[in-house]
Every structure is written in C-alpha cells, then in structure tokens.
Amino acid sequence: MRCVSRSAQDTARWGTVVGRLLEEGSVVVLQGALAAGKTCFVKGLALGLGIQEEITSPTFTLLAVYHGRLTLYHMDVYRLASLEDFFDIGAQECVYGTGVCVIEWGERVASELPEYTVTISLRVLADGNREITVA
C-alpha cells in the first residue's frame with residue numbers, strides 16, 4: 001500500500017487505520033529520515049489500538065509502553081550502539097510478546113526481527129508531503 005500524507009493529521013490518520021488492523025504479536029518497523037513523521041504515525045497507530053495516553057518519541061528513553069486494546073511497545077533504536085544494547089533493553093520480550101511492537105529505525109536490528117514484520121516507510125517529498133509505504 002502506498003499513500004500520500006499532506007499534513008501531520010493525515011499521517012496520524014493513516015497510523016490509526018494501521019493500528020486498527022494490528023493483532024496480538026504484530027511487529028512494525030518504521031523507516032524514514034529524521035522528522036519524516038515516524039512518531040506522528042505512531043500517535044495515530046496508538047489511537048487505533050485504543051490508547052488515550054500522550055505518545056512521545058522514545059529517542060532518549062529507548063522504549064515506551066502504553067496500554068489499550070493491546071499493549072504497545074514503542075522503541076527507537078537509532079541511538080543503540082550494538083545488537084547487545086537491543087537485547088539489554090528487553091527488546092526480545094517486546095518483539096516476541098503478546099502486544100504490538102513498533103520500532104523506529106528498526107532496519108538497524110532487522111536480523112533479530114521475525115519474518116512477519118511489517119515495514120512502513122515514510123519519505124518526505126519535494127513539496128513537503130509524506131509518502132507512506134506499507135510492505
């Protein structure tokens with residue numbers, strides 16, 4: 001699936017659509033440059049999971065946990081120096097757990113993710129809009 005988002009609200013709405021479709025054990029990798037809208041997408045995804053809490057970027061905390069229809073494990077692995085760091089934050093329990101695991105910059109730990117991982121790419125277009133691709 002490929003779509004174009006014309007605003008932060010559009011990006012969040014697309015996230016909500018995806019969040020409503022996710023099931024227990026889903027793993028989602030978000031790819032995109034800095035400020036491409038990854039966390040904005042996760043805010044919508046969380047709404048689709050019935051989560052009402054404020055969603056913030058886990059860039060410095062590395063992992064945030066939210067509770068809704070399913071538990072959301074929101075990770076940002078951009079700052080991790082090694083796969084060992086990925087294991088140290090308890091990522092394996094999140095990836096192979098019963099909630100939904102969303103990993104920003106997840107391509108950095110792709111070797112540790114299941115085959116059924118969904119990849120969502122956000123790309124900033126020349127006009128400032130975002131192209132969102134789900135694979």
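Numbering starts at 1 and runs along the chain as it is shown here.
Note that Cβ sites are derived from N, Cα and C of the backbone, with glycine treated the same way.
These features come from Swiss-Prot:
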type	residues	note
BINDING	ALA35, ALA36, GLY37, LYS38, THR39, CYS40	ATP binding site
BINDING	THR39, GLU104	Mg(2+) binding site
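Counting in whole angstrom, ALA36 (ATP binding site) lies 11 from GLU104 (Mg(2+) binding site) by their C-alpha atoms. Counting neighbouring Cβ atoms within 10 Å of each of the binding-site residues (ALA35, ALA36, GLU104), the lowest count belongs to ALA35. When the C-alpha distances from GLU104 (Mg(2+) binding site) to the binding-site residues ALA35, GLY37, THR39, CYS40 are tabulated, the minimum falls on THR39.
DSSP classifies GLY37 (ATP binding site) as coil under the three-state reduction. Listed in sequence order, the residues THR11, GLY32, PHE41, LEU122, ARG130 complete the 8 Å Cβ shell around the ATP site centroid, once ALA35, ALA36, GLY37, LYS38, THR39, CYS40 themselves are left out. Under 8 Å, Cβ to Cβ, and six or more positions away along its own chain, LYS38 (ATP binding site) finds LEU30, GLY32, GLU104, LEU122. Sequence-distant neighbours of GLY37 (ATP binding site): residues of the same chain at least 6 apart with a C-beta under 8 Å from its C-beta are SER5, ALA8, THR11, LEU122, VAL124, ARG130.
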